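A.B. asks: Before anything else, here's the structure in question.
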Amino acid sequence: MADAAIDTLDIAILGAVLVGSGIYWFKDKLLGNSSSPKTSIARQPLVPMQKPNAPALKITKTAKKTRDFVEKMKETDKTVIFFYGSQTGTAEDYAARLAKEGTQRYNLKTMTADLEDYDMNLLDTLPADHLAVFVLATYGEGEPTDNAVDFWELLVSGEDVPEFSVGDYEDADKPLSHLNFVMFGLGNKTYEHYNSVCRRVDEKLQALGATRIGERGEGDDDGSLEEDFLSWKDDMWKATCDFLGIDFLAGNSGPRQATYKVQEHTPEEVEGLKKVYYGEHQEPKFMLGSRPTYDSKNPFSAPIAVSRQLFEVSANRQCLHMEVDITGSGITYQTGDHIAVWPVNAEQEVNKLATILGLADKLDTVLTVSNTDPASTKLPFPVPTTYRTVLRNYVDITAPPSRAFVGQLTPFAPTEAASKLFALWGQDKEAFRINVADARRSLGTVLEKVLGVGQSMEIPFDLLIESIPRLQARYYSISSSAKAHPTSIHLTAVVLDYKPDVAPEETVYGLATNFLHNCHGRINQSGPIEPKYEISGPSGSHLVGETGVKVPIHVRHSNFKLPRNSALPIIMIGPGTGVAPFRGFVQDRAQDVKNGKKVGATVLFFGCRREDEDYLYKDEWPELMKDIEGSQVITAFSRQPGVPKTYVQHRMSEHKELIWDLIHKQGGYFYVCGDAKNMAREVNHKLIEIAMTVGEMSEEKATTYVKELRGRGRYEEDVWS
């Protein structure tokens, strides 16, 4: 009731502010003032009223931050801007690398820009002798990244000719005729809509009159992304230099120019600092009122209410079911959305790298990072902070370093042998693939392999910050229904660890799932878990009581949704943890039945190894489905003793008449979740085969039929590589 009272007071205050503002703005008419209606009024910012005895409202200062990127380029004397649309940080990293290379090699005046930080309807005002570079990732099934959604809606999803800032052009259909741009996309070929975001944006920009400089680059995240990027950028620089009138061959390869400056603070200086960050992501953004908003840049620390093991002990694997409490956070979700979990790096990786870098004795030294370019205002993480916090919370030291970064380490090698090895791995694609990429070696392990165990080397810390991507959230399909559990988000995750084929003596640990496993261990008091993660959060703020723990999360909305008409049948293909969103789907439809709605047939194809070991939510399905007419779970076990290996696509063949009846005759929806590279492709082929055999279609017609199902939103995938 207290929350309800506060919300009511917020509404009352907001209403009073709006009424008062209305009286102010229209006072001339109300009071009979005869001033000319053309007279402009300098509008003052609306400041929320404070409740009696309430703490001072914290409002982020934004006065010095402009959303006009053209104005900013002019003020800071920049001529090339690198826009990025990034979900996991890779596109942002590539944009930063290109911007720095342009500055260092060709003396270009560059800046990077987060798409959501600027008004992109100003593209029509970028001077013709300037250049816009777009580095755009495609997320999920052809969707833009979170920070590119507004740009996408302006350019692609809206009207044929978007409304830009000027509005008066020689050719009304070509408002971007003065824009020159470069395009690179990041995608994954295991998905149907490979690099669709950069392709669509490229196509639309040119349709609006813009000119692309050089060829569009496309990188495949299914194994060759870095190499695709490196091979594209050399040709891109040639085309860019030609456009800008620069001699490509005269590019400067002189001493490295630092992007950041690192300053350590003395204990006396630390006492004078207002705040030191120990893992916080940023100051919360506040809405009108006192409740912060939580998103991809500001996660919510959610208490884990439930954490239990789903696999039987005999499976020799761990699968966690967790329920996080979002009560009072203002976070909402829809069935089918994704939950983002913000992990930290394992302590063994933090300590290993710190020891090699000679930082083990100064991990808790406070430092500030600043830009060497005074025109740059964005930093990779909040400062001041500590070396320990940077390595644990802010940079992704667990992922394999890039080939370019490995090559950059050559001049810092302490021995000639190490120098040669850094140079080899930095230049030879195959050597890098075997020793770094396919082995999934962290930066600390790479350095250890080159230098030898117990050896150290000095690497400028600013180079480390510049070259290692920021630690990003990991995404999981939500395994609960928003109708059944509006204040709780469930997730289902297998704890990942494996031995790479090229390095079978080593074990690779999944970052986020092992972080969650540590949280599970504290909640259930199950003893020490390796690898160990520090889950206590900034200044211990994530610990609750003796056994409780909070985990930073946010929600990413997805297009993976049930049909609006609950009476339509659905077929769900979800082996392994691919069943996660379908647990939410079935909960949703069971709730609809309770609410008196008509619900169509609900059929789940589930696959796992053995019925007695890893059959996820086995005991829940009968209860969930008992009141849904025409519902059933069809199982496939690949390691069941005494039974041939069976996968979900085999069961599809056995139930092909049912599938055809529900999809073709009853207009049902078809959903797939899980492995994109093998399972999802084979399921797609199997559905085409069913259209051929049961539907008596030719292969060409069946293929077109399935493709049209996708186009109409009746064949949806939530898959990963």
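Placement of Cβ uses the backbone N, Cα and C atoms for every residue, glycine included.
The FMN binding site feature in TrEMBL is assigned to 86-91, 137-140, 186-195, Asp221. Sequence annotations record features per position, and here TrEMBL assigns NADP(+) binding site to Arg317, Thr577, Ser638, Arg639, Lys645, Thr646, Tyr647, Val648, Gln649, Glu682. TrEMBL lists Arg474, Tyr475, Tyr476, Ser477, Thr492, Ala493, Val494, Tyr498, Gly510, Leu511, Ala512, Thr513, Trp720 with the feature FAD binding site. Look at TrEMBL and you will find 80-237 tagged as domain 'Flavodoxin-like'. What TrEMBL records for 297-545 is domain 'FAD-binding FR-type'.
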A.B. asks: Spatially, and counting Cα to Cα, which of the binding-site residues is closest to Gly140 (FMN binding site)? Options: Arg317, Arg474, Val494, Gln649.
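C.D. replies: For Gly140 (FMN binding site), the spatially nearest of the binding-site residues is Arg474.
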A.B. asks: Given the binding-site residues Ser86, Tyr191, Tyr194, Arg317, Lys645, which lie within 10 A of Trp720 (FAD binding site) by CA-CA distance?
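C.D. replies: Those near Trp720 (FAD binding site) - Cα within 10 Å - are Tyr191, in sequence order.
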A.B. asks: Cβ neighbours within 10 Å, counted over all protein chains: which one of the binding-site residues Ala137, Val494, Ala512 has the most?
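C.D. replies: Within the set of binding-site residues, the most crowded position is Ala137.
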A.B. asks: Greatest CA-CA distance (Å) over the residues Arg474, Tyr475, Tyr476, Ser477, Thr492, Ala493, Val494, Tyr498, Gly510, Leu511, Ala512, Thr513, Trp720 that the record ties to FAD?
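C.D. replies: Maximum Cα-Cα distance: 22 Å.
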A.B. asks: Whose Cβ, among the binding-site residues Tyr191, Tyr194, has more other Cβ atoms within 10 Å than any of the rest?
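C.D. replies: Max Cβ neighbours within 10 Å, all protein chains included: Tyr191.
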A.B. asks: Of Asn188, Ser638, Gln649, the binding-site residues given in the record, which has the fewest other CB atoms within 10 A of its CB?
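C.D. replies: Taking Asn188, Ser638, Gln649 as the binding-site residues, the minimal 10 Å Cβ count falls on Ser638.
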A.B. asks: Taking every protein chain shown into account, which of the binding-site residues Arg317, Lys645 has the largest tally of Cβ atoms within 10 Å of its Cβ?
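C.D. replies: Max Cβ neighbours within 10 Å, all protein chains included: Arg317.
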A.B. asks: Using a 10 Å radius around each Cβ and all protein chains in view, which of these binding-site residues has the most neighbours: Tyr476, Tyr647, Trp720?
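C.D. replies: Output for this query is Tyr476.
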A.B. asks: If you draw a 10 Å sphere around the Cβ of Ser86 (FMN binding site), how many other Cβ atoms fall inside it, taking every protein chain shown into account?
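C.D. replies: Excluding its own Cβ, the number within 10 Å is 26.
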A.B. asks: How many Å separate the Cα atoms of Val494 (FAD binding site) and Arg317 (NADP(+) binding site)?
C.D. replies: 8
A.B. asks: Relative to the Cα of Gly510 (FAD binding site), which of the binding-site residues Gly89, Asn188, Tyr191 has the closest Cα?
C.D. replies: Gly89
A.B. asks: Within 10 angstroms of the C-beta of Thr492 (FAD binding site), what count of other C-beta atoms is obtained when all protein chains are considered?
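C.D. replies: Result for Thr492 (FAD binding site): 23 other Cβ atoms within 10 Å.
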A.B. asks: Which one is closest to Lys645 (NADP(+) binding site) in space, judged by CA to CA distance, out of the binding-site residues Tyr194, Thr492, Ala512?
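C.D. replies: Nearest in space to Lys645 (NADP(+) binding site), counting only the binding-site residues, is Thr492.
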A.B. asks: If we check Cα distances from Arg317 (NADP(+) binding site), which of the binding-site residues Ala137, Asn188, Tyr191, Arg474 wins as closest?
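C.D. replies: Comparing Cα positions, the closest of these binding-site residues turns out to be Arg474.
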A.B. asks: For the domain 'Flavodoxin-like' (80-237), what is the mean per-residue pLDDT, to the nearest integer?
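C.D. replies: Reported value for the domain 'Flavodoxin-like' (80-237) is a mean pLDDT of 93.
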